[in-house]
Every structure is written in structure tokens, then in C-alpha cells.
Amino acid sequence: MKLYKLALSNIKRNLKKYIMYFFSLSFSVFTAYTFFALLQNEYVLMAFKYDERYKSLLTSFGIVIMVFVMFFLISSNKSFIKARKKEISTYSLFGMTNARIGKLLFLEIIIVGFVALIIGIGVGIFFSKLIAMILLDISLVSFMGDIEFTISPKAAYITAIIFISIFSVMGLSGLRVINKFELVDLFKAHKVSEGRTKGAVIFLILSIILIGFGYYLASGSNPISVVNSSIPILVLVIIGTYLFFWGGLPKVLDIIKRNKGDYYRGVNLISTSGFSHRMKSIGTVMATIAVLSAVATTAIATGYTLYYNIENDVYEQLGYDMYFYGGQEKVLDDVEAVFKKHNIKIIKKLTIQRYTCPSSIEVSEVENSYFRITKEDYFRVYPESLYNKLMSISRCDYKPLKVRAGEAIYVYPFLNDRHRIADAVNGQELNFKDRELTVTSTIKSRLLFFGAKHMIVINDDDFNHLLKIGDITDTDRVGNTYDKVTVFTYEKSLKSTELNRELTKILFASTSGFRTAYNLYEESLQTFGLICFIGFFMGVVFILMTASLLYFKQIMAAEEERHQYRMLRKIGLDEDTERKVISKRLIPVFLIPLLIGIVHSIFAMKSADTIVFSNMIANENSYITVLLCSAVMYGIYAVVYSIFYFITKGQYSRIVKTERK
Amino acid sequence: MQVLKLINIGKVYGSKKSIKQYMALKNISFEVMEGEFIGVMGPSGSGKTTLLNILGSIDKPTTGRLIMGDKDITSLNKKQLAKHRIENIGFIFQDYNLLETMTLKENIILPLALSGHKPGVMEDKLKKISKNMGITKVLGKYPYEVSGGEQQRAAACRALITNPKIILADEPTGNLDSKSGKDLLELLSFINNEYKTTILMVTHDVFAASYCEKIMFIRDGEIYNELYAGNNKKEFFDSIIDVMSVLGGE
């Protein structure tokens with residue numbers, strides 16, 4: 001029989017085992033093709049080319065994916081070969097040399113790989129239009145269109161080259177695995193201990209300390225120090241995770257084993273000892289998967305949170321759909337005419353005068369931040385009634401303020417550290433000619449500053465009095481009167497592309513400054529849309545690959561554990577108990593890395609909150625919003641993992657149920 | 001008192017419609033009395049393993065009934081059968097079949113753990129039985145860390161710990177050297193004498209068989225002959241060899 005015929009018949013015979021392997025190969029090819037095709041797609045190129053940042057982002061993203069695909073393929077290939085130990089040993093027994101067996105396996109990989117390559121690229125081509133459209137749709141506000149269906153030969157070519165080289169590496173690594181086999185080991189494969197490990201308390205404690213310290217650094221409230229310690233955080237948490245799986249978890253199992261009342265229940269005895277027996281061989285994989293899950297969930301959660309909050313953020317920044325300074329007499333009529341022309345209703349419109357007062361407060365340093373108020377600064381001042389009115393017609397949802405006579409509320413725009421600022425500002429006195437106002441509280445908001453750095457809201461009577469005596473003015477230092485501000489809210493503001501274009505033209509020509517929600521929304525989408533997309537894409541790839549890696553490991557284990565179940569059934573293990581044993585045996589393998597990954601991610605999101613989201617999300621407690629958004633993604637991640645768990649359990653049960661032939 | 005009763009047990013492999021039907025057992029009937037040490041011998045393919053599997057309720061007979069105590073085992077469902085195996089039957093296999101993921105101790109208490117005994121009870125029983133078998137010192141070790149003889153003794157402990165009504169041994173000496181084999185047989189005799197445990201052993205080893213009190217020979221799925229041990233072991237041994245040579249075994 002010729003070698004390739006044998007290879008073909010092997011594939012046919014092992015079809016069931018091959019199917020998942022084949023699926024993951026095809027999926028890797030699909031991922032690669034999709035990615036390269038995106039890089040080649042002219043619409044995508046048009047959308048993102050002008051920004052060099054994107055190019056480097058996409059490239060580094062591509063490298064991460066490729067490295068991971070390689071790790072995944074080589075690792076699953078090794079598992080696959082080990083799962084076929086018996087078969088390989090039979091060839092060896094009949095006098096096939098290792099080189100020839102290696103050649104045979106290599107042929108199998110090439111045949112399966114070739115088919116996977118064709119199918120992966122085929123599916124990639126089929127979905128390329130859809131994926132390009134998803135990318136453009138979430139990153140471009142005005143993307144309406146239909147893009148052409150394109151086949152990218154260059155992407156297919158690059159993908160093929162990369163995978164053929166990966167397959168070759170797989171073949172070589174497979175040969176190494178075979179060479180390490182001793183014929184005698186092959187025949188008693190299931191008798192050889194995989195290397196139990198009792199673990200060590202020191203590992204457990206050390207891993208908890210390392211991870212705990214990493215978490216502590218990550219949850220610091222100061223954005224600058226969090227950014228600075230990001231590398232140490234990563235190192236601490238990653239090392240801690242590996243230590244935990246190498247020595248900590250085995251120790252935990254050892255402790256569980258000592259609790260006889262629980263451990264000596266039949267189901268626990270079998271499943272715990274089985275799991276603990278495999279700990280050494282699967283520990284590294286589980287740790288890697290925990291780390292990757294953390295990366296994937298964080299990427300996906302960041303993407304989703306960003307995307308979910310872009311629209312909110314636009315209004316948190318602007319408050320209205322449009323506002324402009326000055327030129328009211330010239331443009332107001334034109335603006336109204338444009339709205340009429342496009343048949344879009346204005347919801348609210350208000351023109352106000354901007355007022356300021358000098359600063360008599362000096363706050364030189366709030367620890368670890370750039371916050372400061374000097375006597376050279378000035379405050380934007382609003383009477384309580386006007387402030388509340390402006391807020392009520394805005395797109396945001398702030399509670400109306402109540403300010404008593406003699407008091408002032410300080411509004412600060414960006415900083416996270418509410419308590420420190422409140423401590424520094426509260427109780428400070430604003431001195432005017434004939435009265436003093438005390439700052440009694442602070443709120444966080446980015447609205448209504450209209451060019452100022454600091455803002456206060458005071459009682460109406462105080463305001464009128466101070467305006468009369470000239471402490472509050474509508475002129476700047478040189479004596480020029482401030483331009484008035486007109487704010488607008490109108491319907492379909494984020495969708496009216498044409499309207500926005502015409503408004504922009506008018507306002508650009510005749511006002512001294514303007515902003516529209518549409519323009520800001522478009523900018524934000526361009527910045528964040530790609531990040532979101534990369535987050536999703538990477539998340540999906542990582543989820544599927546880590547989960548199928550676990551699948552392979554368990555299927556391999558099932559082959560080796562089959563004889564144990566056979567014996568257990570003889571002793572008197574009934575089907576129900578067997579099901580329970582299998583569940584308990586497999587659940588930790590999927591659950592522990594997932595949980596640790598998610599916990600890591602929760603703390604990573606805390607850092608992301610401190611650095612990015614707390615400035616973006618207006619809620620008092622932005623971390624809650626971040627967590628809620630993340631929870632959606634964690635949920636999806638968990639669902640995908642459970643699906644893989646059930647597939648694995650089904651296959652595992654089938655394998656251990658078949659009697660040895 | 002009888003422990004086991006077989007009434008016209010038959011086993012057919014292959015579906016009823018197919019031509020390739022194969023009768024592994026034909027109308028086998030016999031009784032096993034309490035405290036007996038029975039050997040089952042026969043050439044390969046004679047049906048001894050099938051018989052053992054049916055006795056152990058691992059396999060179901062095609063016809064006939066198997067009675068244990070006052071229960072008809074053939075009428076039990078799968079779950080009841082599993083329970084029946086744990087409570088009433090102890091197995092000793094040729095390749096020990098200890099779980100390599102567990103220590104000897106955990107292996108031994110496994111049947112008790114599966115039937116939900118309290119840890120205290122398990123410990124007591126374990127202590128007693130492992131002392132009798134002389135493996136107290138290696139209880140904390142894993143199967144691959146101890147000798148074949150110790151593994152087989154641990155397997156015997158596992159079979160005994162539930163106080164089963166009968167112990168079924170499938171070629172228990174097959175994997176042992178002659179010294180360990182002899183040790184194990186003495187052990188089985190000891191169990192038989194000390195605990196009055198009924199033992200049924202399938203073997204094709206004449207030396208092993210000579211430890212039994214009674215030997216049943218089967219050929220082509222039928223009981224061919226029975227031999228009882230007298231006082232003279234040598235004589236018994238010789239007569240076993242005689243029957244075996246007629247049967248065409250070793």
C-alpha cells in the first residue's frame with residue numbers, strides 16, 4: 001500500500017477525531033484570509049489609510065493573531081498525535097521507521113490542511129463582503145453603501161503561503177513527538193503516570209500575592225500611575241497565573257482531597273483524582289488559556305463599552321446637537337431655512353450671554369494631578385435658574401441644582417479624583433466687593449463651559465447683585481464683550497448627513513466658533529470604531545481557539561482514560577453516576593481558566609475605567625457602567641465556552657463508552 | 001446455602017436474523033454454595049469469560065435466569081444492576097485494573113465511596129482488611145509505585161471491602177510471576193477460609209486451579225465435566241491435567 005493511500009484511509013477511519021481538528025484548521029485559515037482581505041479591501045483602505053496609527057494597529061493585531069494561530073495549531077497537532085499513540089505504535093511494531101511514520105503523519109496533515117485551506121479561503125471569500133461591511137458600518141457614521149464583492153488573490157496567496165509554512169512546522173514538530181516515543185511506552189501509554197504534582201503552599205501563596213499585588217496596582221485611582229505601572233501589572237498577573245496553575249491549584253486539590261467527608265463521595269473521588277492526575281500536563285495550557293481569555297474578554301469588553309458609550313460621550317461633551325458663538329444676527333435665519341429645507345424639526349433653541357467672574361481662589365496642587373486654580377484664572381458663572389434651564393433642554397440627564405444664597409457649586413470637567421478635588425475646593429471662599437461666597441459642593445460635568453476652564457453655579461439673587469455691582473461681567477479682561485452662544489437640539493441629529501454638511505458650511509463662514517454632535521460623533525467613530533472591531537475580532541478568534549484547544553486536550557485524555565471507565569462500570573458505576581463523574585471531571589477544565597480570565601479582565605477594566613472611561617462616562621460611578629457593558633461580553637464568552645463544554649462532554653462520553661476493540 | 005443459581009443460561013452473539021449467530025453458552029445450569037472455591041476451566045473460546053461476565057452481571061444472558069439469594073438478577077434494570085454489582089460482587093481482574101489516578105487506599109475504598117458510605121466506616125474497614133493483606137505500609141502510594149503482587153493484593157482488598165457474596169476472579173495469576181502467583185492463590189485460599197467468602201475463579205492455569213475445591217470444565221459453551229478436590233493435592237492436580245488434555249487445552 002502506498003503511503004498516501006494509507007494516509008487517506010487513516011483520515012477516513014479517524015474522521016470523527018479529525019472533524020474538530022479540521023474545523024479549527026479551517027477556522028484559522030478563514031481568520032487569516034479575512035484579515036488579509038480586509039487589509040487589501042479598497043474601501044477599508046480608503047477609510048483608514050489617512051491615519052498611520054491604524055496601519056500600525058492593524059499590523060500589530062495581525063501579528064498577535066498569527067502568533068496565536070501558530071501556537072494553537074502546533075499544540076492541537078501534538079495533542080492529536082498523542083491521541084493516536086496506539087495506532088502509531090502499531091505501525092512501529094510492524095517495522096515502520098519513525099521517519100516513515102513521520103512522513104505518513106505529515107502527508108495526513110498536508111491532505112487535511114490542503115482541504116482546510118481551500119474551505120477556509122472559500123468561506124473567507126464568501127463572508128469577506130459581510131465582514132468588510134460590518135467593519136465600515138461600525139466605524140463610519142455615514143456608511144450607507146453597499147460595497148462591491150471582491151475576491152482578493154493577494155490575500156489568498158499570502159494566507160496559503162503562511163499556512164503551508166505553518167503546516168510544515170507542524171509536521172516537523174509532530175516528527176519530534178514521535179521520535180520521543182519509546183515503543184514500549186506506546187503500548188502501555190495509559191499506565192504511565194502523566195506526572196502527578198502535589199503542588200506547593202509556597203506557589204499558592206506566591207501566586208495569590210503576585211496576582212493580588214497586580215490587582216492592587218491595576219485598581220489604583222490615579223490614571224497616571226496606572227498607565228506607568230501597566231507593564232509591572234501584566235508581568236505580576238501573568239507570572240502569578242502560571243504559578244497558580246503549576247503549583248497553587250494542585251495544592252488546592254490536595255487540600256480538597258484531605259477533606260474526607262466530601263472527597264470520599266464516589267463521584268468526587270473519581271473526578272477529583274482524575275483531574276488532579278492531569279494537572280501537570282494540562283496546567284500550562286490552562287494558565288495560557290486563562291491569560292488569553294483575560295486578553296480576549298478585556299479586548300471585547302473594551303470594544304463594546306467604547307462603542308456603547310460613543311453616542312453618550314458625544315452628548316456628555318457637547319450637551320446639544322449644535323452650538324455656535326457669535327454671528328447670531330447673520331446666521332440664525334439661514335440655519336432655520338436649512339432645517340426647513342430638509343424638513344427636520346428643531347426641538348429646542350436658546351441664545352444666552354456668557355458671564356465670568358475673576359478667581360479669588362488658589363488651589364495649587366491636588367496630589368498626582370494637573371488640577372490647579374490660580375488667581376489669573378476666571379470662572380464661568382451661571383445663575384441657578386439659567387443653569388437648570390440649559391440643562392433641562394440639553395440631551396443629557398442632570399439633576400437640577402439648588403444653590404442657597406452665599407453658596408457656590410464648583411463644576412469640574414475631567415478629573416477622576418472627585419474626592420481630592422472636593423477636598424481642595426470645598427470651603428474655599430470667593431471674595432467679591434461686598435460679599436463672600438463659599439464653595440459648598442462640586443459636581444462633574446463637561447457641559448456649558450463654553451471655553452472656560454472653571455465654572456461655578458450660584459444663587460440667582462447673588463448673581464443679579466454681583467452683575468449689578470460689576471463683579472460679574474460679560475466682557476473679557478481686555479473689555480471685549482463675549483459672543484453670545486446659541487444652542488440647538490433637533491431631530492435625527494446623528495443621521496442627517498446632508499443637513500449637517502450645509503449647517504457646517506454656514507456656521508464655518510459666519511460664526512466665531514461652532515460644534516455639531518454629528519461631526520464629533522463621526523470623529524469618535526473613526527477613532528474608536530476600528531478599536532471596537534479589532535476587539536471583537538480578536539475576542540472571537542481567541543474564544544474559539546482557546547476553547548477548541550481545551551477540547552483537544554480532553555479528547556486526548558478521554559482516549560487514555562477509557563479503560564478506567566470500563567473498569568469502573570464493572571465494579572458497579574451506573575450510567576447516572578458516570579455522567580456526573582464526567583461532568584465533574586470536565587467542568588473545572590473549562591470553568592477555572594474562564595473564571596480566572598474574567599476576574600483578571602474585571603480588574604483590567606477597572607484600569608481602563610480609570611484611564612479612559614471615567615472621563616468619558618458621566619455617571620458618578622462610571623465603573624458600574626463599564627462593568628455592566630463588560631458583563632454582557634463576559635456572558636457571551638461564557639455561553640460559547642459552555643457550548644464547547646457540552647461538545648467536549650458529548651465526545652468524551654462517547655469515547656469512554658466505546659469498549660476497547 | 002446457595003449463593004448463586006443458574007437456570008438454563010444461554011448466550012447468543014450476533015443478531016437473531018443474521019446467519020453469523022454464535023452460541024457462546026448453551027443451557028448452563030449449576031449452583032454455587034456459600035463458602036465454595038470454584039474454578040472454571042476450559043480451552044480458549046469455550047465460553048468461560050462469557051460465563052464470568054454473566055455471573056458478574058456485566059453481560060446479559062440471552063436465555064435463562066440468574067438467581068442470587070432470592071433475587072432474579074436477569075430482571076434488574078441497568079441502575080439496579082450497577083448497585084447489585086457494588087454490593088454483592090467483588091471483582092479481581094487479570095491486569096489488576098487499579099485506577100492509576102488514585103492511591104491504593106483510594107482504589108480500595110472506591111466501591112464503598114460509590115455506594116455512599118461514611119468516611120469513618122471506610123477507614124475502619126480499610127484498616128482491618130489492609131492489615132490482613134499486609135499492604136498497610138503502601139496504602140498511600142500510587143499503583144505504578146508498588147510491585148505487581150502489591151497491586152494484586154490491593155485489587156483483592158478492593159474486591160473484599162464490601163463483604164461481597166461472591167468474588168469473581170478472571171485469570172488473576174495471568175500477569176504474575178510464579179512466586180507472586182502462588183502468593184495470590186494462597187491469599188485467595190486464605191480469604192476463602194478466613195472470611196468464608198465464596199470465590200469463583202476462571203483460569204487456564206492448572207496450578208492455579210489446583211487451589212480450588214471444585215472445578216467445572218466447559219467446552220463449546222457446555223459444562224463438560226466436574227472435579228472435586230480430595231485430600232491429596234497431587235492427585236487432584238494430575239486429574240485436572242488429564243481432563244484438560246482430553247479437552248484439548250494446554
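Using N, Cα and C of the backbone, Cβ positions are placed for all residues, glycine too.
The transmembrane segment annotation in TrEMBL covers A:20-38, A:58-76, A:104-135, A:155-178, A:199-218, A:230-249, A:285-307, A:528-552, A:586-603, A:623-647. Look at TrEMBL and you will find A:60-180 tagged as domain 'ABC3 transporter permease C-terminal'.
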For the domain 'ABC3 transporter permease C-terminal' (A:60-180), residues assigned helix / strand / coil by DSSP:
103 helix, 0 strand, 18 coil
Average pLDDT across the domain 'ABC3 transporter permease C-terminal' (A:60-180)?
79
Count the CB pairs under 8 A between the transmembrane segment (A:20-38) and each of A:104-135, A:285-307, A:528-552, A:623-647, then give me the winner.
A:104-135
Whether the transmembrane segment (A:528-552) meets the transmembrane segment (A:199-218): three or more C-beta pairs under 8 angstroms:
no
Report, as numbers and ranges, which residues of the same chain sit near the transmembrane segment (A:586-603): CB under 8 Å and 6 or more residues beyond its ends.
214-215, 218-219, 237, 241, 244, 249, 275, 282, 286-287, 289-294, 296-298, 301, 546-547, 550, 553-554, 627, 630, 634, 637-638, 641-642, 644-645, 648-649, 652
Cβ-Cβ under 8 Å with the transmembrane segment (A:623-647): same-chain residues at least 6 beyond its ends:
20, 293, 296-297, 300-301, 304-305, 308-309, 539, 543-544, 547-548, 550-551, 586-587, 590, 594, 598, 601-602, 605-606, 608-609, 613-614, 617
Out of A:104-135, A:155-178, A:199-218, A:230-249, A:285-307, which stretch has the largest tally of CB pairs under 8 angstroms to the transmembrane segment (A:58-76)?
A:155-178
Do the transmembrane segment (A:155-178) and the transmembrane segment (A:104-135) come together with 3 or more C-beta pairs under 8 Å, pairs six or more apart in sequence?
yes
Same-chain residues near the transmembrane segment (A:230-249), Cβ under 8 Å, at least 6 residues beyond its ends:
197, 199-200, 202-204, 206-211, 213-215, 217-218, 279, 283-284, 286-287, 290-291, 294, 592, 596, 600, 607
